[in-house]
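Encoded as structure tokens, the structure appears first; notes follow it.
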Amino acid sequence: IVSNQHGIRTYGDSCPEIRGNNISNNDTGIYCRESATPIISYNNISNNSGYGILIDDVLGNTVKPDIGGGDGQSDGQNKIVGSTSYGVNNKNTNNVMAKNNWWGDTHGPKYPADSSSSGDWAFWDKVGGDIIFTPHLITEP
């Protein structure tokens, strides 16, 4: 899934399983909004010019993707690397589970409290929900 504005877009109250895809060279790899609860596992999410995965904030938004270790029982195992802005950006007030993923560095992703890793960013706003990314993979899946 390459060269689109959004590689995959989830919205409404959808609950798609996004598994085993190569999602690259898009503006945003996976775009999540509204009440969507996608289960995201075993994907190569790489080299997107904006975000690997964007969890957007819309008034009344209850979006809650499972990128690994969440309520949807995702195994994670995603390769989240090479995005220009952030690997995962959580603009929502819900915490997002993103365990057991490869972020391009054995130390895991960069994140607001520690930007020393060379991995992709796991970013959330100070007033929003967190991204729970530990444990993370120390080698590519």
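Think of each number as a place in line: the chain as shown, counted from 1.
Each Cβ is built from the backbone N, Cα and C atoms, and glycine gets one as well.
All TrEMBL annotations are machine predictions without curation.
Annotated features in TrEMBL:
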- 4-63: domain 'Right handed beta helix' (DOMAIN)
- 66-85: region 'Disordered' (REGION)
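Broken down by DSSP into helix, strand and coil, the region 'Disordered' (66-85) contains 0 helix, 6 strand, 14 coil. Using a Cβ-Cβ cut-off under 8 Å and counting only residues 6 or more beyond its ends in the same chain, the region 'Disordered' (66-85) has close neighbours at 15, 24, 29, 37-53, 96-104, 109, 119-121, 132, 137, 140-141.
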